Amino acid sequence: MTTEHGPAPETSVPTCYRHPGRETYVRCTRCDRFICPECMRDAAVGHQCVECVRAGNQGVRRAVPRTVLGARGSATAVPVVTYTLIGACVLAYLAELSSWRVVWEFMMLGRGVLPDGEVGGVAEGEWYRLVTTMFLHQRGGSFGVTHILFNMWALWAIGPALEQVLGRWRFLALYLLSGLGGSVLLYLVGSPADSAVGASGAIFGLFGAFFVIGRRFGGSVGPIVVLLVINLVITFSVPNISWQGHVGGLVVGTALAAAYAYAPAARRTLFHVGAPLVTLALLAALVLVRTAELSPSV
């Protein structure tokens with residue numbers, strides 16, 4: 001009795017998953033598919049296919065350089081916020097030259113009678129004046145031109161450096177809250193009828209911040225101290241200058257910069273977000289108290 005055997009089964013030869021006609025015994029160490037020499041990419045262990053390498057590269061984040069205060073960006077980044085603030089002030093000044101009404105409607109005023117006979121001011125619910133005043137400047141004349149030119153020069157001179165080290169949002173918060181601090185101090189201790197315009201409060205805040213951050217990280221602070229002293233002397237010796245606006249901006253800017261610069265590394269985000277919010281809440285509370293004094297019905 002004999003047994004008949006059929007033909008031996010053919011053994012299947014593995015081929016590249018991308019090139020079916022190419023035999024290979026090498027597998028991708030990531031997806032385990034067979035790959036030919038053309039599709040092989042060296043890996044830490046073995047080889048990977050082109051698709052796995054591409055997927056891995058897409059999942060890798062590029063390291064973004066950070067400053068000593070945690071801001072993202074590089075030294076060559078365009079200071080967008082600084083240039084935007086300068087542009088806004090220049091546009092507002094041109095609007096002032098076209099109409100006095102721009103000044104009346106948006107200058108800092110606690111409570112008083114406007115040229116059109118209407119009673120207006122922060123105490124009358126026009127809270128926006130606390131902010132809009134920092135984009136206005138003395139209208140026309142040699143003093144008006146000098147006013148805006150100096151403030152814009154100062155912003156252009158130190159704004160980019162602060163914006164780079166702080167980052168755009170922290171720098172913007174510093175600028176706006178410093179300006180707001182100047183308006184609030186004028187509102188608190190000045191006569192309700194006192195009016196004021198100018199970015200000087202915000203600029204003084206930048207002066208204070210530049211000093212604090214420079215001291216914290218070993219920078220040269222001599223020039224900013226000289227500039228600050230000169231401006232304080234001018235503030236208290238030249239008539240018709242709102243010392244409250246300058247001092248208020250300086251105090252807020254210095255305090256906020258200290259929170260930025262001396263925040264513990266482990267809690268940096270908490271301090272950098274919380275400090276501006278706490279500052280804003282405190283300033284708002286002071287405005288509410290003063291408004292209640294000037295308008296008991298509120």
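Any Cβ shown, glycine's included, is placed from N, Cα and C.
All TrEMBL annotations are machine predictions without curation.
Small disclaimer: the values here were computed from a predicted structure and weren't measured.
Taken from TrEMBL, the feature domain 'Peptidase S54 rhomboid' applies to 125-260.
Listed as Cβ neighbours of the transmembrane segment (75-95) (distance under 8 Å, sequence separation of 6 or more from its ends, same chain) are residues 102, 135-137, 148, 151-152, 155-156, 159-160, 163-164, 168, 171-172, 175, 199. The transmembrane segment annotation in TrEMBL covers 75-95 (among others).
Under the heading transmembrane segment, TrEMBL lists 140-159 (among others).
TrEMBL lists 171-190 (among others) with the feature transmembrane segment. For the transmembrane segment (171-190), the list of distant contacts is 81-82, 85, 108, 110, 122, 129-131, 133-134, 159, 162-163, 196, 199-206, 208-209, 242, 244-253, 256-257, 260, 276, 279-280, 283, 286-287, 290: same-chain residues at least six beyond its ends, Cβ to Cβ under 8 Å.
For 196-214 (among others), the entry in TrEMBL reads transmembrane segment.
Annotation source TrEMBL lists transmembrane segment at 221-239 (among others). For the transmembrane segment (221-239), the residues of the chain that approach it from at least six positions outside its boundaries are 158, 204, 207-208, 210-211, 214-215, 246-247, 250, judged by C-beta separation under 8 angstroms.
The transmembrane segment feature in TrEMBL is assigned to 245-263 (among others).
Per TrEMBL, the feature transmembrane segment maps to 270-289 (among others).
If one looks beyond the transmembrane segment (270-289) by at least 6 residues along the same chain, the residues whose Cβ comes under 8 Å of a Cβ in the stretch are 69-70, 122, 127, 130, 170, 173-174, 177, 180-181, 184, 187-188, 252, 255-256, 259-260, 263-264. Under 8 Å from some Cβ of the transmembrane segment (245-263) lie the Cβ atoms of residues 69, 108, 166, 170, 173-174, 177-186, 196, 198, 200-213, 216-217, 228, 231-232, 235, 270-272, 275-276, 279, 283, all in the same chain and six or more residues away from its ends.
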